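**Q** From TrEMBL, for reference:
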type     : residues                                                                                   : note
ACT_SITE : Glu104                                                                                     : active site, proton acceptor
BINDING  : Thr26, Gly27, Ser28, Thr29, Asp82, Gly83, Ala84, Asp85, Lys95, Gly96, Gly97, Gly98, Lys122 : substrate binding site
Amino acid sequence: MEALKKIAGVTAAQYVKDGMTVGLGTGSTAYYFVEEVGRRVKEEGLQIVGVTTSSRTTKQAQELGIPLKSVDEIDVIDLTVDGADEVDKDFNGIKGGGAALLMEKIVATPTKDYIWVVDESKMVENLGAFKVPVEVVQYGSERLCRVFEKAGYCPSFRMKDGQKLVTDMQNYIIDLDMKCLKNPVAFAEILDATVGVVEHGLFNGMVNKVIVAGKEGVQVLEAPAKN
Ligand code: 5RP
């Protein structure tokens, strides 16, 4: 599996060109993309500016000597490469397994070419076997969790070292065990309209390309052009 993640990440780095502003994703697959971009900066003199999606990726990029800007300093990102937890055939996906979904969506939104790098196990018929991460403000989060419980979403707080995990943006994550999401677009709208929810891990129709590494080789799936 690690080898497939590396193939996907390194393949995506071929899309990075001189002069680009590049969103640097988070997770064990995006890690290999960032490593390869760092290698190209160092060995090939690649000239880019990175925008990171988590404190982890910031640290990695700084160690690799990739020049960085804050998302507040730019208006448009040429290319972002990130991982995903599940992807369906309509190019909807779940992200946030690494608890970075809010920063990831903020970086993905002004991106012209948004690419996911996955191994083939992430491609699914229906989303939802992977729990949908929902980033919520701390204030009122216990109450919100009960609301999710009553709605039948089987919520649980993401934990770390016996405590509720606190994201880079100082929020909590509630994971929803939806099992099978027949209509992820409609469910995203429900979450978007829920007070206390900062952002959720449903990234529907945002991605332009999915680079899928499998035992038979690498496939680049192109999403239909957006209007
Ligand atoms: C982090 C993410 C990751 O990109 C996603 O969880 C995939 O990670 P990995 O490549 O390690 O499986 O969304 O918040």
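Including glycine, each Cβ sits where the backbone N, Cα and C put it.
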**Q** Whole-number Å distance between the CA of Thr26 (substrate binding site) and the CA of the residue listed as 'active site, proton acceptor'?
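**A** So the Cα of the residue listed as 'active site, proton acceptor' lies 8 Å away from that of Thr26 (substrate binding site).
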**Q** List the other residues in this chain whose Cβ sits within 8 Å of the Cβ centroid of the substrate site residues Thr26, Gly27, Ser28, Thr29, Asp82, Gly83, Ala84, Asp85, Lys95, Gly96, Gly97, Gly98, Lys122, in sequence order.
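**A** Near the substrate site, the remaining chain residues are Gly25, Ala30.
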**Q** Sequence gap of 6 or more, C-beta under 8 Å: which same-chain residues meet both conditions with respect to Lys122 (substrate binding site)?
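**A** Looking at Cβ-Cβ distances below 8 Å from Lys122 (substrate binding site), excluding near sequence neighbours, one finds Ala84, Asp85, Glu86, Val87, Val212.
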**Q** Based on Cα coordinates, which of the following binding-site residues are within 10 Å of Glu104 (active site, proton acceptor): Ser28, Asp82, Lys95, Gly97?
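**A** Near Glu104 (active site, proton acceptor) by Cα: Asp82, Lys95.
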**Q** Under 6 Å from ligand 1 by C-beta, which of these binding-site residues make it: Thr26, Gly97, Lys122? Sequence order, please.
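**A** Result: Thr26, Gly97.
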**Q** Counting every protein chain present, what is the number of Cβ atoms, excluding its own, within 10 Å of the Cβ of the residue listed as 'active site, proton acceptor'?
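**A** 29, counting other Cβ atoms within 10 Å of the residue listed as 'active site, proton acceptor'.
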**Q** Going by DSSP, is Asp82 (substrate binding site) sitting in a helix, a strand, or coil?
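**A** For Asp82 (substrate binding site) - judged by DSSP and reduced to three states - the answer is strand.
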**Q** Could you say which of the binding-site residues Thr26, Ser28 has its Cβ with the most other Cβ atoms inside 10 Å?
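**A** That would be Thr26, with the highest Cβ count within 10 Å.
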**Q** Specify the count of other C-beta atoms within 10 Å of the C-beta of Ala84 (substrate binding site).
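**A** The Cβ of Ala84 (substrate binding site) has 26 Cβ neighbours within 10 Å.
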**Q** Residues with Cβ closer than 8 Å to the Cβ of Gly97 (substrate binding site), same chain and 6+ apart in sequence?
**A** Gly27, Gly83, Asp85, Phe130, Pro133
**Q** Rounded to a whole angstrom, what is the largest C-alpha distance between any two of the residues Thr26, Gly27, Ser28, Thr29, Asp82, Gly83, Ala84, Asp85, Lys95, Gly96, Gly97, Gly98, Lys122 that the record assigns to substrate?
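**A** With Thr26, Gly27, Ser28, Thr29, Asp82, Gly83, Ala84, Asp85, Lys95, Gly96, Gly97, Gly98, Lys122 as the binding residues for substrate, the largest Cα distance is 16 Å.
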**Q** Translate the DSSP assignment of Lys95 (substrate binding site) into the three-state scheme.
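**A** Where Lys95 (substrate binding site) sits, the three-state DSSP reduction gives coil.
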**Q** Below 8 Å Cβ to Cβ and six or more residues apart, same chain only. Which residues does that give for Asp82 (substrate binding site)?
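**A** Non-local contacts for Asp82 (substrate binding site): Gly23, Gly25, Thr26, Gly27, Ala30, Thr53, Lys95, Glu104, Val107, Ala108, Tyr114, Ile115, Trp116, Val117.
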